[in-house]
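The feature region 'Disordered' is assigned by TrEMBL to 1-24. The annotation domain 'K+ potassium transporter integral membrane' is assigned in TrEMBL to 74-580. Annotation comment: TrEMBL describes 108-129, 219-240, 260-278, 285-307, 333-352, 364-384, 404-431, 461-480, 486-509, 516-537, 543-563 as transmembrane segment. For 594-711, 774-855, the entry in TrEMBL reads domain 'K+ potassium transporter C-terminal'.
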Amino acid sequence: MAASSMVSKDMESGGCGRKKPASSCSSEDMAELERALAVELPATVQRQDSLYRDASRAGHGQQEQEGWARTLRLAFQCVGVLYGDIGTSPLYVYSSTFTGGIRHTDDLLGVLSLIIYSFLLFTIIKYVCIALRANDDGDGGTFALYSLISRHAKVSLVPNHQAEDELTYAADDAAALLKSSSLRGSVRRRTVQLASPRDQRAQWVKDLLETSKPVRISLFLLTVLATAMVITDACLTPAISVLSAVGGLKEKAPNLTTEQMVWMTVAILVLLFGVQRFGADKVGYLFAPVVLLWLLLIGGVGVYNLVRHDVGVLRAFNPRHVVDYFRRNGGDAWVSLGGVLLCFTGTEALFADLGYFSVRSIQLSFACGLVPAVLLAYMGQAAFLRRHPGQVAETFYRSTPEVLFWPTLVLALATSVVGSQAMISCAFATISHSQAMGCFPRVKVLHTSRHYHGQLYIPEVNLMLALVACVVTVAAGGATAVIAEAHGICVVLVMLITTLLLTLVMLLVWRANAAWVALFFAVFAAAESAYLSSVLYRFAHGGYIPAAISAGLMAVMVLWHYVHVRRYEHELERTVSHDAVRELLARRDVARVPGIGLLYTELVQGIPPVFPHLVDKIPSVHALLLFVSVKHLPVPHVDPAERFLFRQVTGGASRAFRCVARYGYRDPLEEARDFAASLVERLQCYVRDVNLYGLQPGAKVSYPTSRCGSQRSVNMMMRPSASYCTESLAMSTSSGRRMMTHSASCNTTTEQEEMLTPAESFSELSRMGSVGGMQQLSLSLGLEEEQRFIEREMHKGVVYILGEAEVVARPHSSLLKKLMVNYAYAFLRNNCRQGEKMLAIPKSQLLKVGITYEI
């Protein structure tokens, strides 16, 4: 397609490659903005790979619209999945805070005030009101924040940015700037100050992140540390929750030994992890009624204790009691913060598990169910302890009326099991995010819901969590206080890192007011640092447990990511160009054998370096060769009409094509025979459209692929197939004014555009009078011969070629690097799931090609 035609079409639709009102993004504004900002943009773009961007996109968002019925359904599930951990914190908060007993009854007012305002500050304000908005396309957690930042600044250590991406980002940023009324006014007034202070500040942060490698590495390491801590917390939460609930049996069975309680806890944990395979959807419906009953129970018992013992504890809403508490107790009050923070454990799960639910469903269930019940429980326990300060070690069960003891114990056991569910689901979501960023060994991720993309189950991780949780319980000897110390370190470190990442999001993405950002960072960083210093003070009492587990996880993640990046760079530097492939296939010593060869590769960005290696070792290539990449997209389904994207590498006698097969997370992978048949059928449609497009007078196709909506962008008289769409990006200069346009292809499905056979397409062209008689005959014969050739080669057989790359350190590398890459990484790779073997390929049709990469 000619650049000039693209520009004219874009200007007709309102500029910026999208149909907008002329006032929002006019050509004069864009030109003036470019001149004022002195943006140096190249006139042409050498596209490295036109399939890269399209391969990562779904044709249509198939996510269900969030109505109130869906919100209420998700809110009900939230109760069963997310709130068990926070809801069971009253079991052990006071006993963990007053480990040395209560010295003064007014200390209860100070601690209750700390609990109320900590809960309000961290859980409600930070997570429910702020963090949930900082999601990455519906996903939450530290890796989602990192991914969100990476999409607005090049902080990712994987060098996956291309030249056309730079222009796309420039066009999008310019359009975003012009959306601001103040900016449009300044452009039209031709003032020098075109960007607001917030935009300038965001640009400064972006430049800092992109130009400073230490900053980018530090940001990545902090994200990995937080991820490791979340996974560790998922091991500790089941142990402390279930063990605390089982401890209530000693009230009725004082002869019960610690060892017996430990083994009962282990049995319950095994049952808990066993039901994970049913998925969060079913687990949420199963556990939600239990948690609802629990919240009603602890809220009612709290009201009972307030009325019966001391309603005066409501004075704790006055923060002055916090000051008095620290004045009376000094350093001991500071150390007790390690117990207070247990009241908001599990809040990270609210954010990390966002992909399972939605923002509105979490906020609704949190405000209407969790907050009043939990706060009433803490107030009621404080009222009870004002009368009975000596019973702080068994506060929860002693404050429960005798008639409700057994129902409370049963519900406590059930809810503590549910409480573990939040962090287990959080671990699944976090590992899924980290694996997508190339920071975790390959594991099998199962999507357990047909409707909600974020509901996951990872069998290997579930087994690992079960083993570690049970081992931690047994190794700790049933000491809840020891596990609580370890639990607290995980919670505070993750929250502190989340604060740092949220601050960057506010500056870079939201472009919020600097005063509000500074206030947010100062308040939360100071408060979380105080809590962190408290739990680190008792590091030797249990803090070493999460430190050891997290260090191991972090080492695995950093090593895997390091090799992943170096391998990516190695393959990218050695990507084979189409010209090189043509020269390779044109060699006289390379024989063409009958049949179709499907060479699988994980590289979506070009011809993999394993191909010339194969030809050098076995100088023969199939008559029809396809380089196939399988891409899994974050949507439930990809329409079969949109499954395959093609690109022609060579034509004539040496036919070679590239293909990307796209699947949604609920799409089953076909058997080898069905996959090959479907691929060949779509290939025939692709060849048909390329031939028809090439015959159109005045039509210029930059890349031999058909385009969606080509009747507008190219003067074509036929409707193209929706099997393959690409993006156009062009730069042109007109009347001394540089104009930047971005014309995005529209992904369509068979419901919108009828798929035409070659004969029907030809007939339509002839009816329109666009092809002469001789051209009709030539076209018909050429298409018929091409179709027969593909069918003949299909009948001769299909061979599946898999490239297996081994990564080793270079000979002159350091000893440490050799140990890490040649042994540690090799061990991880050999003991985790190998690369996607997309199809059940018969061994008689399989050809493996080994290659070694030295990094």
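Counting begins at 1 with the first residue displayed.
Yeah, the Cβs are placed from backbone N, Cα and C, and that goes for glycine too.
Unlike curated entries, TrEMBL annotations are predicted automatically.
Since the structure is predicted, the reported quantities are computational estimates derived from the model, not experimental observations.
Using a Cβ-Cβ cut-off under 8 Å and counting only residues 6 or more beyond its ends in the same chain, the transmembrane segment (516-537) has close neighbours at 118, 121-122, 126, 130, 334-338, 340-341, 485, 488-489, 492-493, 495-496, 499-500, 502-503, 506-507, 543. Per-stretch counts of Cβ pairs under 8 Å to the transmembrane segment (486-509) identify 219-240 as the leading one among 108-129, 219-240, 333-352, 404-431.
Outside the transmembrane segment (404-431) by six or more residues, the chain places 80-88, 91, 139-143, 227, 230-231, 233-234, 237-238, 241-242, 244-246, 248-249, 251-252, 268-269, 271-273, 276, 280, 283, 287, 290-291, 293-294, 297, 301, 346, 348-349, 352-353, 355-356, 396-397, 440, 443, 454, 456-458, 461-462, 465, 469 with a CB less than 8 A from a CB of the stretch. Listed by sequence, the residues of this chain that lie at least six past the ends of the transmembrane segment (364-384) yet keep a Cβ under 8 A from its Cβ atoms are 71-72, 75-76, 78-79, 82-83, 86-87, 89-90, 93-94, 108-109, 111-112, 115-116, 119, 124, 128, 292, 295-296, 298-299, 301-306, 308-311, 313-314, 316, 343, 350, 391, 395-396, 398-399.
For the transmembrane segment (543-563), same-chain residues at least 6 beyond its ends with a Cβ under 8 Å from one of its own Cβ atoms are 157, 220-221, 224-225, 227-229, 231-233, 235-236, 434, 437-441, 468, 472, 476, 482-483, 485-487, 489-490, 535-536, 807, 820-821, 824-825, 828, 855.
Tertiary proximity for the transmembrane segment (108-129) is limited to same-chain residues at least six positions away from its ends with a CB under 8 Å from its CB atoms, namely 86, 93-94, 97-98, 102, 313, 315-319, 321-322, 324-326, 328, 333, 336-337, 340-341, 343-344, 347-348, 350-351, 362-363, 366-367, 371, 374-375, 378-379, 382, 385-386, 389, 495, 499, 502, 523-524, 527-528. Averaged over the domain 'K+ potassium transporter C-terminal' (594-711), the predicted model reaches a pLDDT of 75.
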